[in-house]
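J.: In case it's useful when we look at the structure, here is the feature table from TrEMBL:
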{"type": "BINDING", "residues": "A100, H105, G206", "note": "substrate binding site"}
{"type": "BINDING", "residues": "G101, D227, G278, K282", "note": "ATP binding site"}
{"type": "DOMAIN", "residues": "91-299", "note": "domain 'Aspartate/glutamate/uridylate kinase'"}
{"type": "SITE", "residues": "K33", "note": "site 'Transition state stabilizer'"}
Amino acid sequence: MEENKNQSQTPLSPCTPSIRCIVKLGGAAVTCKNEFEMINEEVLQKVSEQLRQAMIGSSEKPPGMDWSKRLGGSEICCNPEEFGDHSAMECSPFIVVHGAGSFGHFQASKSGVHKGPLNKPLVKGGFVATRISVTTLNLEIVRALAREGIPSIGISPFSCGWLTSERHISSADLSSVAKAIDSGFTPVLHGDAVLDEIQGCTILSGDVIISHLAAYSKPKYVVFLTDVYGVYDRPPTEPGAILLKEIAVADDGSWSVVKPKLQNSIELAVSAHDTTGGMKTKISEAAMIAKHGIDVYIVKAATSHSLRALNGDLRGSIPDDWLGTVVRSLR
């Protein structure tokens with residue numbers, strides 16, 4: 001993502017605690033991408049457990065915070081005595097950003113929201129439908145984290161006034177994110193339909209949001225949780241696909257594969273219904289983050305490898321038995 005020279009935003013305040021990690025929760029990892037608006041409950045629950053372990057660092061699970069009724073389930077009651085002075089509720093500062101997966105992409109692609117303009121009835125209708133879908137997913141992810149005792153708060157870029165200009169961020173107010181962190185909450189943002197100063201509207205991807213947040217919050221590391229083990233030299237479903245273990249990023253944002261040494265070109269496929277660029281955008285944004293000296297780990301969600309990345313265990317040398325892709329600066 002190119003930085004817009006006229007970009008305006010409210011940076012995180014100096015008193016905001018140092019961000020330990022920004023997590024990109026891939027939509028394809030926590031949803032069944034080929035089933036319309038279907039959450040992968042098993043993966044989401046496991047990811048939530050791993051985030052709790054990484055953020056709280058205690059085997060003791062804090063009291064749950066989702067006191068609403070789940071569809072088809074019984075009511076969850078609050079027992080005030082469970083809280084008391086519960087030390088396990090102290091979380092290290094994380095920011096979570098999730099993609100849309102099977103939520104939002106269909107609505108956006110069918111209506112052309114990513115292209116605008118808003119004076120077309122179909123685009124305006126699709127804009128509303130897309131936001132209904134992605135905020136629905138955001139609520140379910142916030143609830144899953146809350147059930148693990150993580151004090152999570154959903155934050156929508158559109159509602160915070162984030163704007164783009166020809167699809168590049170032109171204005172991003174981070175004050176809501178900063179205030180949430182200052183207050184001890186974990187912000188949970190998401191890819192969103194936003195207004196665009198030139199074309200009327202567009203889709204702001206979670207990957208672009210991550211890159212922007214990282215530039216201003218300077219986390220110790222960033223983790224992309226995906227539905228595959230990392231970045232491959234070609235679509236991972238193809239025979240002979242090779243996992244790229246390490247990608248080095250130069251000062252200008254260009255990148256090259258360090259491990260393993262490759263002789264063939266790399267093909268990064270994009271799904272037909274994906275309006276956010278797929279793996280191409282993911283690598284581009286990861287490179288922009290790494291350019292600031294921040295390691296980025298791309299790893300399969302809900303695995304032992306993802307837990308090691310979330311814990312920060314990979315910030316030195318990468319163990320041979322770790323499956324994933326690290327994107328880091330050449331410095």
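Any Cβ shown, glycine's included, is placed from N, Cα and C.
Just so you know, TrEMBL annotations never went through curation; they're auto-generated.
Note that this is a predicted model, so its numbers are computed, not measured.
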J.: Around G206 (substrate binding site), how many other CB atoms lie within 10 A of its CB?
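T.: Summing over all protein chains shown, G206 (substrate binding site) has 27 other Cβ atoms within 10 Å.
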J.: Same chain only, sequence gap of 6 or more: which residues have a CB within under 8 Å of the CB of G101 (ATP binding site)?
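T.: When sequence neighbours closer than 6 are ignored, G101 (ATP binding site) has G26, G27, A28, A29, V30, T31, C32, K33, L137 within Cβ distance under 8 Å.
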J.: Can you tell me how far the Cα of G206 (substrate binding site) sits from the Cα of K282 (ATP binding site), in Å?
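T.: Distance (Cα to Cα, whole Å): 9 Å.
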J.: Tell me the Cβ neighbour count for K282 (ATP binding site), meaning other Cβ atoms within 10 Å of its Cβ, over all protein chains shown.
T.: 26
J.: Just checking a number: largest C-alpha distance across A100, H105, G206 for the substrate site, rounded to a whole Å.
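T.: This binding site's residues have a maximal Cα-Cα distance of 12 Å.
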J.: If you count other C-beta atoms within 10 angstroms, which of the recorded positions K33, A100, H105, D227 is the most crowded?
T.: A100
